[in-house]
């Protein structure tokens, strides 16, 4: 157990939250945003679909999946930057439920 | 039809034998490896298991039919049931994993240090899971009704018995590899007919790329009939209903106790975010395909079935009319079945389409097996959530802390039987289509656990009084709105029963925050434990300082 500067831990937390806010903005735009302007979009066609229909049926879902994978990869990078060791985490994680 | 019955039954039995084999094989292996094997299942497989848990009769049997009937407005289900994974994976799953609790009521009981909160959370779990399981029983009724060519009501009764027995197996549920097998059966059973239909209609084996033009053609057909176009937005409800339903389904995803429970079994916070990503990829395979399924079914019905002579309808119509879920009445009396005279229940579209498209006995049987996998695996998980909420959280922790393991097991089993029978009774006359019933469960989760957990994890000032008031108000508002909208015709901005969660969530967030601020803040220890959830496992927050284990 080593004491670390609280500012470093907070920087970790802040960095993750900034990314999270960006993801949520994109998430809201492709789902709620597109639905709000569905009528004008219905005159644009994409791959045979009216565009609003394409976004509802495929586009939004594809963006959601990409965002989740980006989050997982970026999350790993941030952990690495702050020197988090995943083997150690697994150990601690398995103990926390055994003790329960 | 006899061959069809034998083929369908054989495939269903074969898949069940596979699940049980894997369960038994893995159980033996797990005991011997217990002390050496690491507990973490790789996130990619865990993602498949989450997918099997998640995709119920509503996704498998109900969704494509709902989209076919609602057109664009049905896509709220596609975006809602997938977009919720972002809320779950970003806002709750890793933090709840770090907390180390096993169930949602337990997390709430520990976080707020309150038995009252624990009991209310357990009751909410039971109400949500119970509502959800009505939809699953109703779905199994459709499958079994078709299989034996009997009324869907009788099918539901057989389903009740099957599900009660299945849930009693209990242990099977937790075995990841069984769920991986269930996922594979379910996804193959769903994709095969869509790919075949795509080949049949467009000559392209990739339905996801080919069905755009079919959607366009459906719009043309509708225009010729003088109907509103299939893809025209907000024809079946207001824009606000679409948005409210989508929000309800997203937030509900993040608040469903049996889905969250799945993330407690991953090894770390890192594994939680990877499992969420893989899970949505695997779930997405079905969700990308459902609107294609809907479009192809509607296209076949409009071009090949509608317009044929009433006296020359194909054989499949009779078997489905027998289940009471299809009506082909020649109301105009011209001897020809017109599109508008064909009344098809949302819930039979997925099951009936392989027959309509003449895909052969094997594909039809495969779809039946996939539907049973979806309904049974989810129903099993829901009943276990109900029984552990009662037998563990209420009976053992509150009513009788001295209860032995055997007593608790007995209480758990009785709970399962009673809950299944009650849900079955309601499912005999389903109060709505499967997707609709399941949407109510999501509305209840949105009005109760979503605000409670988000504030519990992200706001250290949230206290037991606020939480209890928030849960009760959220539950009350959501239930009241569902009933008022469904039976009283009361709506705000055209938002109907399925979108009720938005009001529950607003009321619950407001109540939780106001009551928390008006009462004493939680103890320093609790506040510290909430801050601690911000950091990965290796970092520990204590008395304003952060420590790192090395």
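Any Cβ shown, glycine's included, is placed from N, Cα and C.
Summarising the annotation, TrEMBL assigns transmembrane segment to B:6-24 (among others).
What TrEMBL records for B:44-69 (among others) is transmembrane segment.
Below 8 angstroms of C-beta separation, residues 59, 63, 66-67, 242, 245-254, 259-260, 263, 272-273, 275-277, 279-280, 283-284, 287, 290-291, 435, 439, 442, 450, 453-454, 457-458 of the same chain, each at least six residues beyond the ends of the transmembrane segment (B:75-93), sit close to that stretch. Annotated transmembrane segment per TrEMBL: B:75-93 (among others), in sequence order.
TrEMBL lists B:114-134 (among others) with the feature transmembrane segment.
Taken from TrEMBL, the feature transmembrane segment covers B:154-171 (among others).
Marked as transmembrane segment by TrEMBL: B:240-264 (among others).
Listed as Cβ neighbours of the transmembrane segment (B:276-296) (distance under 8 Å, sequence separation of 6 or more from its ends, same chain) are residues 43-44, 46-48, 50-51, 54-55, 59-60, 63-65, 67-68, 74-75, 78, 81-82, 85, 88-89, 93, 183, 186-187, 190-191, 193-194, 197-198, 201, 207-208, 210-211, 214-215, 218, 230, 263, 349-350, 353, 357. The feature transmembrane segment is assigned by TrEMBL to B:276-296 (among others).
The transmembrane segment feature in TrEMBL is assigned to B:359-390 (among others).
According to TrEMBL, the feature transmembrane segment maps to B:411-431 (among others). Within its own chain, the transmembrane segment (B:411-431) has Cβ neighbours under 8 Å at 126, 130, 133-135, 137-138, 141, 153, 156-157, 159-160, 163-164, 167-168, 383-384, 386-388, 390-392, 395, 403, 437, 486, counting only residues six or more beyond its boundaries.
Annotated transmembrane segment per TrEMBL: B:437-459 (among others), in sequence order.
According to TrEMBL, the feature transmembrane segment maps to B:466-484 (among others).
What TrEMBL lists as transmembrane segment is B:490-515 (among others).
If you look at the transmembrane segment (B:44-69) against the transmembrane segment (B:359-390), you find at least three C-beta pairs under 8 angstroms, all six or more positions apart, and that counts as contact. Contacts between the transmembrane segment (B:466-484) and the transmembrane segment (B:240-264): absent, as fewer than 3 C-beta pairs lie under 8 angstroms at sequence separation of six or more. With respect to Cβ pairs under 8 Å, the transmembrane segment (B:240-264) is most closely packed against B:490-515, considering the stretches B:114-134, B:359-390, B:490-515. For the transmembrane segment (B:359-390), same-chain residues at least 6 beyond its ends with a Cβ under 8 Å from one of its own Cβ atoms are 3-4, 7-12, 14-16, 19, 52-57, 59-61, 103, 105, 122-123, 125-126, 129-130, 132-133, 136-137, 139-140, 142-143, 146-147, 159, 162-164, 166-167, 169-170, 172-173, 179, 182, 185-190, 192-193, 196-197, 257-258, 261, 350-351, 411-413, 415-416, 419-420.
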